[in-house]
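Remarks on the structure that follows.
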Amino acid sequence: MKLFGTDGVRGKAGEFLDSFLAMRLAMAAGIYFKDKSVTNNILVGKDTRRSGYMIENAIVSGLTSIGYNVIQIGPMPTPAIAFLTEDMRCDAGIMISASHNPYYDNGIKFFDTHGNKLSEDIEKKIEEIYFDDKLIQASKVDMEKIGQAKRIDDVIGRYIVSIKNSFPKDLTLKSLRVVLDVAHGAAYKVAPTVFKELGAEVIVMSDKPNGLNINENCGALHPVNLATEVKRLRADVGFAFDGDADRLVVVDEKGEVANGDSLLGVLALYLKEQGKLQSSVVATIVSNGALKEFLNKHGIELDTCNVGDKYVLEKLKANGGNFGGEQSGHIIFSDYAKTGDGLIVALQFSALMLSKKKSASSILGQVKLYPQLLTNLKIAEKKDLDKIKGLKELKKDLENKNINTLFRYSGTENLIRLLLEAKDIKLLEKEMKNVVEFFKKALNG
């Protein structure tokens, strides 16, 4: 049984991800981190899901039972956990969140002592420990060595200072009217605070979490309401976060929702113009072909990697780069953060608007993207794609029609993601029907 997916362990709370799994997983991770322990402290944060209370208590039980002390900081963005784990010199950090998923899902993400997401090799080692009954039992400590847990409510200030330090000192947000959709999620306090302290006129949406409304018709996955408000209020720009605030969607002053690849392109160019861009930009294999053309036109190289912001960061480390991201809105400025941080991206885009004295639409309009169609097809089984009869011929036929293809399985669900890209949208729509029918027969019997 495999526990870890594309981004930590994730599943339906109370079913797959129940208190038993959370406690045992915390013990397994704690056993792994014990070998390199310095402070014997592990940081635990969460988003605003009601199930977070159950999972948090289970994690605390697991860690303290093997002798770890736990620092609980309550609802905070995922990037805040990455930052604070290193800043507070903890052995590791744990974030309880299912990111953009509905409230009934939850997840557990781990960070090492430097605030980095774990490699697949480390995740595999933790899985091996999880299934080793003897090792789990042997790790329990005597009564006098049981760890302690304490809750700290004032660490938000440290994170706010770090975020504000990413914004240019010679700029102010005083001339900007900004609408923030915080998705009833982890950024509901910190995002408005940061923008207000930097001088912006701030209108906040979806900032009343009740444990069940996170991401519900709001936030980065549902920016249509934000777009309506931006137009109605004649705001300069709108920013939509997801439940744990590690991704960002931008809405321009016309109410148009920006594609993440457009955002990547203009921010990369902004960094280059400032002399701050190191090496090549990193994007994922699903990035739009027009992004590469835009970057190359401006003398910027593009490297690609698998989907997942931890793979973006790994590629950045390998090529000596400091900027990259995903079409979905996970964007990494590694000079400022170890993971995607929606707040940092929002501030950098605001700085770009202010420094250029241009509207959001005129800036984002520089990148002319090609049409893409994505279908998430539910499937009965995940067969080896290389062994599916007729697939090679299908891809060759599409290639001959100047259609780029990417077919890949979801890391967490029984889905295959079918991506087609071409200059002709009508051709795409026609061919997508054929592709869907092909995979329905191949993977659903």
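Cβ atoms here come from the backbone N, Cα and C positions, even for glycine.
Among the candidates Ser99, Ser119, Ser361, Ser362, the residue that Swiss-Prot names alongside Asp242, Asp244, Asp246 for the Mg(2+) site is Ser99.
If you take the C-beta of Asp246 (Mg(2+) binding site) and look for same-chain residues 6 or more apart in sequence within under 8 angstroms, you find Pro77, Thr78, Pro79, Ser99, Asp309, His330, Thr339, Gly340, Asp341, Gly342. Sequence-distant neighbours of Asp244 (Mg(2+) binding site) (same chain, 6+ residues apart, CB-CB distance under 8 A): Asp47, Pro77, Thr78, Met95, Ser97, Ser99, Gly185, Ala186. Other Cβ atoms within 10 Å of the Cβ of Asp242 (Mg(2+) binding site), summed over all protein chains shown, number 35. Using the Cβ center of Ser99, Asp242, Asp244, Asp246 for Mg(2+), the list of other same-chain residues with Cβ within 8 Å runs, in sequence order, Asp47, Pro77, Thr78, Ser97, His100, Gly185, Ala186, Ala220, Phe241, Gly243, Ala245, Arg247, Gly342.
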